[in-house]
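K.L.:
For Cys129, the entry in TrEMBL reads active site, acyl-thioester intermediate. Marked as active site, proton acceptor by TrEMBL: His403, Cys433. Here TrEMBL flags 45-315 as domain 'Thiolase N-terminal'. Per TrEMBL, domain 'Thiolase C-terminal' is recorded for 327-445.
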Amino acid sequence: MASMLMNPIRSCSVSSSWAVLIFNYFLSVQTKSKKTLARPGVKNIVLVEGVRTPFLLSGTTYADLMPHDLARAALQGLLKRTGIPKDAVDYIIYGTVIQEVKTSNVAREAALGAGFSDKIPAHTVTMACISSNQAMTSSVGLIAAGQCDAVVAGGVEFMSDVPIRHSRKMRKTMLSLNKAKTLGQRLSLIGSIRLAHLSPELPAVAEFSTAETMGHSADRLAAAFGVSRVEQDEFALRSHTLAKKAQDEGLLQDVISFKVPGRDIVSKDNGIRPSSMDQMAKLKPAFVKPHGTVTAANSSFLTDGASAVLVMSEEKALAMGYKPKAYLRPTYATPKVLERAGLSMSDIDVFEFHEAFAGQIMANLKAMDSDWFAQTYMGRKSKVGTPAMEKFNLWGGSLSLGHPFGATGCRLATTVANRLKKEGGQYGLIAACAAGGQGHAMVIEAYPQ
């Protein structure tokens, strides 16, 4: 794994971990040369292709489906796009966050539904919003270890139908009823049910350890770095505007058409909605009321969608006649290992960062441009500076395209590969934050054309 370049890290706190992750990357790479990271005598790992279903607002066209339906569609789309024989795939890994209890190993159910052999193993990982990033990491690890030559990694999230549980008291009563042996015992248990027992437990996008929602954390982070409501709205408007432009120009080529049973064919994301600063300013704070700055307009929305990428050893990909899109360079996001890449910030041609909230993005950009943050949290003497915005999320991001929690990572990787090819760049960087104070980064190098 030493030759690879991605892995989740734990940091000091939820509010600072994202900035720490990006700081670790940019502060560690110092050299100026722009050489290839492909290494002779080493098993180079490549991204052959990536696809995704259209990302849709939850409760819309996908509302009557199940998560494995979307994951299956992504797998079938990848098979169609690449033409790879199903038996050439050695392993399938999917990421997801809020699991459907009927299909807890959604990777397996989706794989079987897509026609893969039951002899091909499949497992599901969960790591909050970097779940499919971890699926890609695991894929790279399997190939680097020599266990596999071709792995499909992906992710899926289905927010249109999430598990809603009975209260703990009601669950205990129902389980006891199942064990009751006499009518008297059953009647006694039924008689113990109170109105409060019927109150459901709704899932929340919140930290278990702190009970803080992601939106509240983003609001707190924005306040800590002095990110104004106007700055957040401007960034969100930028995301939607760029996404609309990319969609209209046909740049989002990773999106596959999907025939929803009983409905029409879906062929594009439906959450891209450029507005105006005046309209966005009318919205009230969504989390910290009444003085918060995070609103529905500058937050990513609940999304249904799935993604899939084909990861292979370079040798196997070329032997099968594929022209890979990019080299994958995952490793630990620490200065010591990233220095081995021999890159500087100016070498990065394409940046794709996950936009959970505009406030989260803006706060981290300010952290990267802060001497105080570098000195206080990183033990560095001075700031690094921010990525050039003319290279940053130019085809929109999670704020506009949507954010199916388990699927966004593969979208980021595929977008970088496609942008590098379109723009003629060599290196791209993806980065994402996740619940629990975790983060992920990956360097992607365009495959020589």
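Heads up, the Cβ atoms here are built off N, Cα and C, so glycines get one too.
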K.L.:
Between His403 (active site, proton acceptor) and the residue listed as 'active site, acyl-thioester intermediate', find the distance joining the two CA atoms and give it rounded to the nearest Å.
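P.N.:
For His403 (active site, proton acceptor) versus the residue listed as 'active site, acyl-thioester intermediate', the Cα atoms are 9 Å apart.
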K.L.:
What is the interatomic distance between the Cα atoms of the residue listed as 'active site, acyl-thioester intermediate' and Cys433 (active site, proton acceptor), given in whole Å?
P.N.:
7
K.L.:
DSSP says what for the domain 'Thiolase C-terminal' (327-445): how many helix, strand, coil residues?
P.N.:
51 helix, 30 strand, 38 coil
